[in-house]
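Here's what TrEMBL has on this protein:
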- 75: active site, proton donor (ACT_SITE)
- 205: active site, proton acceptor (ACT_SITE)
- 14, 66, 76, 77, 175, 195, 196, 206, 207: substrate binding site (BINDING)
Ligand SMILES: N[C@H](CCC[C@H](N)C(=O)O)C(=O)O
């Protein structure tokens, strides 16, 4: 019988198992183990799992797995939790540079505990016929703007799966974000997300709200954009370039440790 020490964090309801794997002992090909650890009935339960590992030049590297057990692309909320974890471990102070799936990132934790994560520049967006707007913010996202007062009742699981598995997106998959514009300017943009690799609606998606904020810049949103998800509020700041790309993109929001423990394997 072996045991594994873990920490549980959540960022606006997107929850993760975090492992201090600086010894690099975790078998990243053990998809079944990751699925077990993320299993909400038989394991710890989470939307994803994150390894914190050493990096030659940067403060640390984060390796992100979706709950399906496979290494994923950039996880925005998971990155913010990894920064909070590194801070809690005493690895960093308030500023950090770390490696994630899409390359290096800088981030800082402010006095209120909010984590501000700089995203990679986003090259631009592309209309995808009747589906919506597609952007890659470190993970692939389709953004669909919904009519007013329809988001709350939408069956995100069913509607998200239809798009995620259709022939246009099936091969690599995509995350699907359903958005409702504020009824009154200054109120938040409301977002619900179906997440690839979790294959369900999550309470929030960091790279997803980033994609929504950038897509909404063509519909009257201005930086910083206030976004409200079922898991809580996030803010996205950016600078739009004349060529349609975006730079200085920052995702800001809380990241909290919930509990730590050991699990029997
Ligand atoms: N499930 C996503 C990765 C995690 C995205 C989300 N958790 C975030 O906060 O960005 C994907 O496979 O594209």
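Cβ atoms are placed via backbone N, Cα and C, with glycine included.
Here the structure is a predicted model, which means the values were calculated and not measured.
Comparing residue 205 (active site, proton acceptor) with residue 76 (substrate binding site), their Cα atoms are 7 Å apart once rounded. For the pair formed by residue 175 (substrate binding site) and residue 75 (active site, proton donor), distance between Cα atoms is given as 12 Å, rounded to the nearest Å. The maximal spread of the substrate binding site, taken as the longest Cα to Cα distance among 14, 66, 76, 77, 175, 195, 196, 206, 207, is 14 Å. Taking the mean position of the Cβ atoms of 14, 66, 76, 77, 175, 195, 196, 206, 207 as the substrate site, the remaining residues of that chain whose Cβ falls within 8 Å of it are 47, 48, 72, 75, 78, 139, 193, 198, 202, 205, 208. Spacing of residue 196 (substrate binding site) relative to residue 75 (active site, proton donor) is 11 Å (Cα to Cα, whole number).
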